[in-house]
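Structure, as structure tokens:
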Amino acid sequence: MEGSKPVSLQETIVSMALVGAMIGAAAGGWVNDVCGRKKATLIADVVFLFGSVVMAAAPDPYVLIFGRLLVGLGVGVASVTAPVYIAEASPSEIRGGLVSTNVLMITGGQFLSYLVNLAFTEVPGTWRWMLGVSGVPAVIQFSLMLFLPESPRWLYLKKDKSEAVAVLSKIYDPCRLEEELDQLSAASEEESQRKTAVRYWDVFKSKEIRLAFLAGAGLQAFQQFTGINTVMYYSPTIVQMAGFSSNQLALLLSLIVAAMNATGTVVGIYLIDHVGRRKLALSSLSGVIVSLVLLSAAFFLRSYGSLNGLYGWIAVLGLALYIAFFAPGMGPVPWTVNSEIYPESYRGICGGMSATVNWVSNLIVAQSFLSIAEAVGTGATFLILAGVAVVAFVFVAAFVPETKGLTFEEVEKIWKERAWGNGYGREGLLEEGRES
């Protein structure tokens, strides 16, 4: 284990977590619907903890691969569950900010992971400690989750109405509580009229659900295909282009970039409920396009030997702008939108499917970027990513509605009106959402 491993084996170890996350996300929707949001979170914690223990104790690379698969399964289930749980327990006017807080915990966790790895660099058995300590957050979350209630919407529609009312009464005042119960009662009536349980194929049979899934899955795909992981991966090279070359500086850059990512997410938490999901995504993509063009130009100038090293600073500027624009918008918006655009009976399944799209897209970008860069050049590759960001801008403008301040039931009416044109008052609802 301590010696060098074949590149293909290293790639397998790295990518196995993504494979596990894809499987976990795909199954996570079903787990959420059957077991509830709270139990799904607890299951994800247990699987993740077991995986971290397996990785830390792994006697050979193949056991390590199995541990990575288990960790990925836990991450996949959690990536579906957390946004839905938060959204269903949140008042509509602050729902976006609270769901975005989940993204902040992820980006903040990435920053802390760099610090933890740095702390263990001089400890015997370094990699075992690095991998094993990852189970600590799972233990903490599992312990705290035991004291939290189940999602009130899931309880009302799937299990125990009286327990749901007790949970909702802790969230809303009496007047607002009555409104929420009326909406849940209507949703429950619609649920009871459904003859069979929702299946994966049903997502594509219903026109309004199909449109919602197109918007949600499209956002998840474009989050990855606009190159966030690529830009993060390439950041050490960008710094070296600016004339700085040391491994310690590369690690410092990783810390700075991770800190910028987390800080940008904090800004997004404020903006998402004030500016709105759609506007935030569009402005975010506008900045991403400019940033990727700058990165592309820097690499082209480098290949031509132009500007005597100034290209490196152009690249650093492009990197900083990319993080500054991506983190507040395209970081949290896809997860927030996916937590609120599906009807209750489809929320688990569609959330799981769209999260799977995210992880699959992540894997595609991770496995293809270096090959494409080698084939056409790094500058051209970043230009391709900029072109994808332009397509993403058009997609959001055409297919993603504004959901700021709307109830789940009002969002349903948007999709019904878009699908069937039966005058469900979409324009009025959208205007209400923007002004609230």
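Backbone N, Cα and C define each Cβ position, glycine as well.
For 1-404, the entry in TrEMBL reads domain 'Major facilitator superfamily (MFS) profile'. Annotation source TrEMBL lists transmembrane segment at 12-30, 42-59, 65-86, 98-120, 126-148, 249-272, 284-304, 310-327, 376-400.
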Range from 12-30, 98-120, 126-148, 310-327 with most C-beta pairs under 8 A to the transmembrane segment (42-59): 126-148
In contact by Cβ distance (the transmembrane segment (376-400), the transmembrane segment (284-304); 3 or more pairs under 8 Å): yes
Averaged pLDDT, computed only over the residues in the domain 'Major facilitator superfamily (MFS) profile' (1-404): 86
Cβ-Cβ under 8 Å with the transmembrane segment (126-148): same-chain residues at least 6 beyond its ends: 1, 38, 41-42, 45-46, 48-49, 51-53, 55-57, 67, 71, 74, 109, 113, 116-117, 120
Long-range neighbours of the transmembrane segment (310-327), counting only residues six or more past its ends (CB under 8 A): 107, 226, 228, 231, 235, 238-243, 257, 260-265, 267-268, 283-284, 286-288, 290-295, 297-299, 301-302
